[in-house]
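**Student:** Structure in structure tokens, see below.
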Amino acid sequence: MGAITVTASLHISCIFLVFAFLQQGSFAVYLGQNDSLNFMVLADWGGQSTSPFVTPCEVNVAKQMGILASSYESQFVLALGDNFYYFGVSSVDDPRFNETFEDVFTADSLQVPWYLVAGNHDWHGSVQAQIDYSKVSKRWNFPSFYYTLRYQIPSSQETVTFIMIDTVMLCGNTDDSDVLQQPTKPKDLLMVTEQFAWIEDQLKATMNDTYVIVAGHYPVWSIAEHGPTDCLVNGLRPMLIKYNVSAYFSGHDHNLQHIKEDNSSVEYFVIGSAHVVDSSVAHKADVPAPWVKFHYADQASLGGFSYMEATPSGMDFTFADGRAGKSLYHATIKPRM
């Protein structure tokens, strides 16, 4: 499995520059004049498979993201799977790309690179078609099933690395029924071994980075409907701890969560309510109560997302709702020591 690494320096004195990297597909990194690295994160945002192909949560999240992205001069978006409910897309010409993405996230401030990974619903269709759409859309950047992004914080030598992974390939697929909570076994154990080895290689290469974010669809920890993902707790979590990863971002459960283990520096964020909000806390007993710093699943909120501001002294994480872009919760991720 190939990997894509994007390295961008954001401290150049100019209004906008575009750098294109042509290894396994083309993408653009838009560079601005901010003194911080600002970006948005959402997951489980992919509308619905019948007309109008959107949900009220998605429409409202898109609106509020556009407003906040303009205010914070957001430079890119991370979209962490379930990009198209409920059966993914069938081809690069699938109308869902327009109906659920291009015609919904229309704000000028969101015409920036979107970096994506696949979720379980995407794997019910063609993930390869989503990868191929990177050659069609000016902002859709899905170069491979898993890949690495590396940014330099403006006006500094500090760096942020994002390791974007495919948790469905690692753990197997699942659905939203009440019966099947854990993913089924992965289809190809060799690909599991290869991706875990690739993740560890990427982590080894980040020892000098100021922040390291690993991002995938399934959560490691969650108190909600699907709960902790066993294969990630057993297979990924030890690496996150070993290599002093700053945070793990995910979706899958349709709410907002911040979880942090005692005696570990890794922060776990679930950002999965851009499609619908689910108030289930079915797995509350599976996560020690002191670890749960925040959980929010108010259906009146019309969904949620997060926005981030990274500086050399800290990475500020904020959950916002879809109704009014209201700040719901704030945390600061410390630079790695």
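The backbone N, Cα and C atoms fix where each Cβ goes, glycine too.
Among the features that TrEMBL reports, Fe cation 1 binding site is placed at Asp44, Asp82, Tyr85, His254. For Cys171-Cys231, the entry in TrEMBL reads disulfide bond. Marked as domain 'Calcineurin-like phosphoesterase' by TrEMBL: 39-255. As annotated by TrEMBL, signal peptide applies to 1-28.
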**Student:** Counting other Cβ atoms within 10 Å of each residue's Cβ, which of the disulfide-bonded residues Cys171, Cys231 comes out lowest?
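**Tutor:** Result for the disulfide-bonded residues Cys171, Cys231: minimum number of other Cβ atoms within 10 Å at Cys231.
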**Student:** Starting from the Cβ centroid of Asp44, Asp82, Tyr85, His254, which together make up the recorded Fe cation 1 site, report each further residue of the same chain whose Cβ lies within 8 Å of that point, ordered by sequence.
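**Tutor:** My list of surrounding residues reads Ala43, Trp45, Gly46, Gly81, Gly119, His121, Gly251, His252, Gly272, Ala274, His275, Val276.
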**Student:** If you count other C-beta atoms within 10 angstroms, which of the binding-site residues Asp44, Asp82 is the most crowded?
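**Tutor:** The most densely surrounded of these binding-site residues is Asp44.
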**Student:** Just counting, how many other CB atoms are there within 10 A of the CB of Tyr85 (Fe cation 1 binding site)?
**Tutor:** 26
**Student:** Using Cβ atoms only, which residues of the same chain lie under 8 Å from His254 (Fe cation 1 binding site) while being at least 6 residues apart in sequence?
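**Tutor:** The answer is Asp44, Ala224, Glu225, Gly272, Ser273, His275, Val276, Val277, Asp278, Ala297.
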**Student:** I'm trying to understand the geometry here, so how far is the Cα atom of Cys171 (disulfide bond) from the Cα atom of Asp82 (Fe cation 1 binding site), in Å to the nearest whole number?
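**Tutor:** Checking the Cα atoms of Cys171 (disulfide bond) and Asp82 (Fe cation 1 binding site) gives a distance of 15 Å.
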**Student:** What three-state secondary structure does DSSP assign to His254 (Fe cation 1 binding site)?
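**Tutor:** The residue in question, His254 (Fe cation 1 binding site), is coil (DSSP, three-state).
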**Student:** Give me the CA-CA distance between Tyr85 (Fe cation 1 binding site) and Cys231 (disulfide bond), in Å, as a whole number.
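**Tutor:** Checking the Cα atoms of Tyr85 (Fe cation 1 binding site) and Cys231 (disulfide bond) gives a distance of 24 Å.
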**Student:** Can you tell me the CA-to-CA distance separating Cys231 (disulfide bond) and Asp82 (Fe cation 1 binding site), as a whole number of Å?
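**Tutor:** Asp82 (Fe cation 1 binding site) has its Cα 19 Å from the Cα of Cys231 (disulfide bond).
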